[in-house]
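Working notes for the structure below.
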């Protein structure tokens, strides 16, 4: 949907029907159609794309899904299998500072990624969470949604997951800031996981 608006002024390049999609098709369908045209399928566009997470550069091999405004990456310090992050491509510190298009795109991407990862990990639920600002536990100043596939018994008390996310955020920032050797997951492990998830969208 948001991608359609971006190309509204160039009907000869992408077809005059794209602008109509915004008004006539369900938002999810319009999003899916534009994702297929501009999504994370690799190719020359993916080779040229760079990703940042706050002040940090993210290796393309760790990104498994993208739209014109958002991207999904595997997590350096996952709390559970399938714990990933969805971020706006533009570096935006707080949720309230996202544009309306970015907000829609971010949540549609989260819906798409969450649904596929839940099935892939044979989970029964999903946790979506945002730590918006330092007092909320945000350690990297770039809006991001945590997505975690959930199974019965993955935490003794269900809400303990929020403490675990908070702790992993702090550890993640320490590792990124200090550029320490990764002890939990190597770049190769993360790239391999991203490759598995990338295949879910091809």
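From the backbone N, Cα and C atoms, a Cβ is placed for every residue, glycine too.
TrEMBL assigns the feature motif 'Histidine triad motif' to residues 142-146, out of the candidate ranges 137-141, 142-146, 147-151. Per-residue pLDDT, averaged along the motif 'Histidine triad motif' (142-146), amounts to 97 for this model. With a 10 A radius on its CB, residue 146 (substrate binding site) counts 22 other CB atoms from all the protein chains. A simple way to gauge crowding: the CB of residue 139 (substrate binding site) has 17 other CB atoms within 10 angstroms, across all the protein chains here. Applying DSSP to the motif 'Histidine triad motif' (142-146) sorts its residues as follows: 0 helix, 2 strand, 3 coil. DSSP states for the domain 'HIT' (50-157), grouped as helix (H, G, I), strand (E, B) and coil, give 30 helix, 31 strand, 47 coil.
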